[in-house]
């Protein structure tokens, strides 16, 4: 066998590595306390539809959200009036600031603004406000777009107006395409998904047949390895293209996916597909299609590397009908992320996982593969529950928060029942049934926690016991917080720091706003902690209230390169700003560690 026989294989390998490398390069490093400037976290654009109508779009970065009730429109001059805004439904989120459920938007927001008989050009001013999941709330942002009532064609997209409180800090301009997602973790997850998909009952029996078609009857082990890998890479190219297409489609479908009917239709599709995984019906291509595709693949030379790659691409459609439901769930996830690069990398990893057993068979390691049996049926059922979870995840943005928590509870408990968690194990049960029992108990407890949380007033499935914690904190007799001295301008801060330096005391400057959810959490959960109060006993406590978002407030935020509250700046006893700062919400333990790093144990008195 000559080296030239491996050239097509090498080209396929290079293509696969190039796809993965491009996806990796798309991920910048992001520190835990780096936040996007508001104009990048909430990218504003607008297009004039006709003389009176403007379509407004916000591209919301991953890890950020906007408030529905904070959206408002105005005109300059103010004589122009507008029809009432028709905003799409948002995701319901419990807001600690207002102590009620509020609607929020993620990923994308599209709505139209209609002026009432505007005769002359005017500027449309859109006011919006949003927050980051990590705890920072931005001041209200005003974006401006020029409207020409006589315009007959769409105007170009508007440039965003720099929001109040933005700064030139380099760290805040680090943009994360995945919103902090880990591409390596996503690749490993989809690689494992591909392995699991291969071991479903309708795919595993086909591995020896496919191996015989690809490798041929008289291939050496080296030749078999080359042809098998080529087959897998051919299949991977198809799946990668599907993943990229799903990501690109997701970018264009984000606005449509905010519609409750569209979300409901996708969720219903996931439920229908899950029924196939539970064995209620068989899902596969029509017999005529499968026959024609098989004939086309059989006409190719069985032992050629290039032919194997083409057959791998064809087999992406005919090899595994059982893969279709789980693949649909994966594509639904990719489409919602709206990231084409991640979509391609994820599906490439999944196809590689699906191809590993085929390569093992091709090189003669078929004896390492498990036999088909009952556990493979269980694997299909696991995917069925995953698809039900995908359905719930898709429709969750339009569900009331309490209903979403109840639905997750029902799904988790149903999975526990399927694992026979509440059935007695025989005395001679093996390790796998016992492991299933353990997993079932964990699922049942997780479902019970959701029910307890919703009964206690929790409204977040990821933090189901938040209501219990709020009730517990409210019941504490000693919930006194620290007392701050209010400052309103840069000059007042400088004067207060100089006064503290004269007495040899360090300073802590806290940024606060009434509309800041995480500020309320810091006030209620962190600054009321006895250990925090003790550690701050000898520290001069300043607080800048930037609720009004006036000129002095913006100057203060800019002075310390902040986008918004909550944030805490420290000064040592000599008046020097400490390199350590707190951005976003921190619980008492974490805040104490930050305080001691900033001021040292000598100045930040440790609690006893």
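Glycine is treated like the rest: Cβ placed from N, Cα and C.
Transmembrane segment is the annotation Swiss-Prot gives to one range among 158-180, 227-249, 480-502, and that range is 227-249. Your range for transmembrane segment, going by Swiss-Prot and the list 97-119, 120-142, 373-395, is 373-395.
Checking Swiss-Prot for transmembrane segment across the ranges 193-215, 515-537, 538-560 points to 193-215. Long-range contacts of the transmembrane segment (435-457) within the same chain, counting only residues at least 6 positions beyond its ends with a Cβ under 8 Å from a Cβ of the stretch, are 402, 405-406, 408-413, 415-417, 419-422, 425, 463-468, 470-471.
Tertiary proximity for the transmembrane segment (400-422) is limited to same-chain residues at least six positions away from its ends with a CB under 8 Å from its CB atoms, namely 92-94, 101, 381, 385, 388-389, 392, 433, 436-437, 439-441, 443-444, 446-448, 450-451, 453-454, 458-461, 464. Here the CA atom of residue 131 (disulfide bond) lies 12 Å from the CA atom of residue 519 (disulfide bond).
The DSSP secondary structure for residue 137 (disulfide bond) is strand. According to its DSSP assignment, residue 516 (disulfide bond) is coil.
A straight line from the CA of residue 137 (disulfide bond) to the CA of residue 516 (disulfide bond) spans 6 Å. DSSP states for the domain 'Thioredoxin' (464-600), grouped as helix (H, G, I), strand (E, B) and coil, give 61 helix, 23 strand, 53 coil.
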